[in-house]
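The sn-glycerol 3-phosphate binding site annotation in Swiss-Prot covers Thr13, Arg83, Glu84, Tyr135, Asp244 and is backed by sequence analysis. According to Swiss-Prot, the ADP binding site annotation covers Thr13, Arg17, Thr266, Gly309, Gly410, Asn414. Taken from Swiss-Prot, the feature ATP binding site applies to Thr13, Thr14, Ser15, Thr266, Gly309, Gln313, Gly410, supported by sequence analysis. Positions annotated as glycerol binding site by Swiss-Prot, on the basis of sequence analysis: Arg83, Glu84, Tyr135, Asp244, Gln245.
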Amino acid sequence: MQDQYILALDQGTTSSRAMLFDRQGNIVSIAQKEFEQIYPQPGWVEHDPQEIWSTQAGVAAEAVTRTGLNGTSIAAIGITNQRETTIVWDRETGQPVYNAIVWQDRRTADFCDSLKKQGLEAKVRAKTGLPIDSYFSATKIRWILDNVPGARDKARQGKLAFGTVDSWLVWNFTKHELHVTDVTNASRTMLFNIHTREWDSELLELLDIPRSMLPDVKASSEIYGHTKTTVFASKIPLAGIAGDQHAALFGQMCTTSGMVKNTYGTGCFLMMNTGDKPIESKNNLVTTIAWQIGDDVQYALEGSIFIAGAVVQWLRDGVGIIKTAAEIEALAASVPHTDGVYLVPAFAGLGAPHWNARARGSVFGVTRGTTAAHLARAALDSIAYQSLDVLAAMEADSGISIGELRVDGGASANDLLMQFQADLLGVDAVRPQITETTALGAAYLAGLAIGYWKNLDEVRSQWQLDRRFSPSMPKEQVEQRMAGWQRAVRAAKAWADDTQ
């Protein structure tokens, strides 16, 4: 297997990517293709499932061929994906019955409110580790069954399949043979009991979702099957699956209880490994399965921030104060602070630990002296503030004081943001040499399943430091800024709640 590589497929919210990794965990090749975001109505977000598949298959082939290799050089494929995004398709034709409803989509918020009013939140959280929220897959499936003509009848007849994006990719890679998912993706549906690790019949009944639609649930690291498509001439083992944040936690080698990572992508996703026992959150965090390797199941606490890097995209595309996302660091660094300006980027509601679906983006503290640079700095700062809110909740739930924060994702390359994050936290923000930890985690899971890497210790030894950011801001300054942020969040919530 010396000259073979692991192919990681990273199907994200805005693009499909593929990366080849060698035995040392180095990236040998990358291919990426963006795809269309569909916004049929305010608060609705969709993708075309066929475009998800075509772009992912395309970059998989491209990543391999651009290095002069072919399918025989691939030892295994690992898949990681945007979670919760919901696809329902016809088992016979393989055609989706509706567009993919994306994790950011809020169309089922009212239905979620009605479930909460029935007093079901405690039951759902006890079983799934999740709050009732339109973010998760369950109510999206229900919406498709209720709103696509003929869908419910077909589902009752066993003719429809539901899958998160990983399931859809495996289904297509195996020419409609395998309908599977892994425990991490299943744990994000609001239908999966994280204690028994089975689909929960009571929740399925409650939401009127037929069991026959659901995929078989597997470990995150095992050989599920082999590719059968024309993308590769040879049969390649599909051997690792994990939702993007779980894969990043693994890629960051947060393999012991109390270790935390933050992935700064479109949103921010913080996850803490809590070991082999699920901790029920008292602070509006999500309890989830970190991964399963063999019979070993690790659990995690997670806080999701809906808008992180997306606030930079908004400054570029919506407001036009920067032309490229890369410009923001220099613009923000041109002022020493925001001059009292706070931006609460609740464009799609507030995520953890607030979970307020109706809050909207707000800017406070604006004066005639406020400039584009102040707005840019406030936008970057908002990413760090939101992360701090989640980390404080994690410490409260777990009883563990965080020793350091491992960072990755696109915005972790922003030194100004990383330094401010360390200042707010009062602990080091630690950036690894390979920040593509999501894809790396998927590669590790697949490689371990086929013996490409011997064991966890071999994989753990590959993690290498790029830079450590240590706190340097005086405590009084930190407290003053945090108080301003908390005031801004309270004001954003008040605006959302005042609908008289």
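Glycine is no exception: its Cβ is also placed from the backbone N, Cα and C atoms.
Shown here: features listed in Swiss-Prot, placed on the structure.
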residue: Thr13; record: sn-glycerol 3-phosphate binding site; Cβ within 10 Å: 21
residue: Ser15; record: ATP binding site; Cβ within 10 Å: 14
residue: Arg83; record: sn-glycerol 3-phosphate binding site; Cβ within 10 Å: 26
residue: Tyr135; record: sn-glycerol 3-phosphate binding site; Cβ within 10 Å: 28
residue: Asp244; record: sn-glycerol 3-phosphate binding site; Cβ within 10 Å: 28
residue: Gln245; record: glycerol binding site; Cβ within 10 Å: 29
residue: Thr266; record: ADP binding site; Cβ within 10 Å: 24
residue: Gly309; record: ADP binding site; Cβ within 10 Å: 20
residue: Gly410; record: ADP binding site; Cβ within 10 Å: 16
residue: Asn414; record: ADP binding site; Cβ within 10 Å: 22
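Long-range C-beta contacts of Arg17 (ADP binding site), restricted to its own chain and to partners at least six residues apart, with a cutoff below 8 Å, comprise Leu9, Asp10, Gln11, Ile30, Ala31, Gln32, Lys33, Val59, Ala439.
The Cβ of Gln313 (ATP binding site) has Thr266, Ala325 as same-chain neighbours under 8 Å, each 6 or more residues away in sequence. A 10 Å radius around the C-alpha of Arg83 (sn-glycerol 3-phosphate binding site) takes in these binding-site residues out of Thr14, Ser15, Gln245, Gly309, Gly410, Asn414, in sequence order: Gln245. Gln245 (glycerol binding site) and Ser15 (ATP binding site) are 16 Å apart (CA-CA, integer value).
Same-chain residues at least 6 positions away in sequence with a Cβ under 8 Å from that of Glu84 (sn-glycerol 3-phosphate binding site) are, in sequence order, Trp103, Tyr135, Phe136, Ser137, Lys140, Thr164, Arg188, Thr189. Thr14 (ATP binding site) is surrounded by 16 other CB atoms, counting those within 10 A of its CB over all protein chains shown. Mapped onto three states, the DSSP output places Thr266 (ADP binding site) in coil. In this structure the C-alpha atoms belonging to Gly410 (ADP binding site) and Asp244 (sn-glycerol 3-phosphate binding site) are separated by 14 Å. According to DSSP, Ser15 (ATP binding site) is assigned to a strand segment. The record gives Thr13, Thr14, Ser15, Thr266, Gly309, Gln313, Gly410 for ATP. Within 8 Å of the mean position of their Cβ atoms, the other Cβ atoms in that chain belong to Gly12, Gly265, Ala310.
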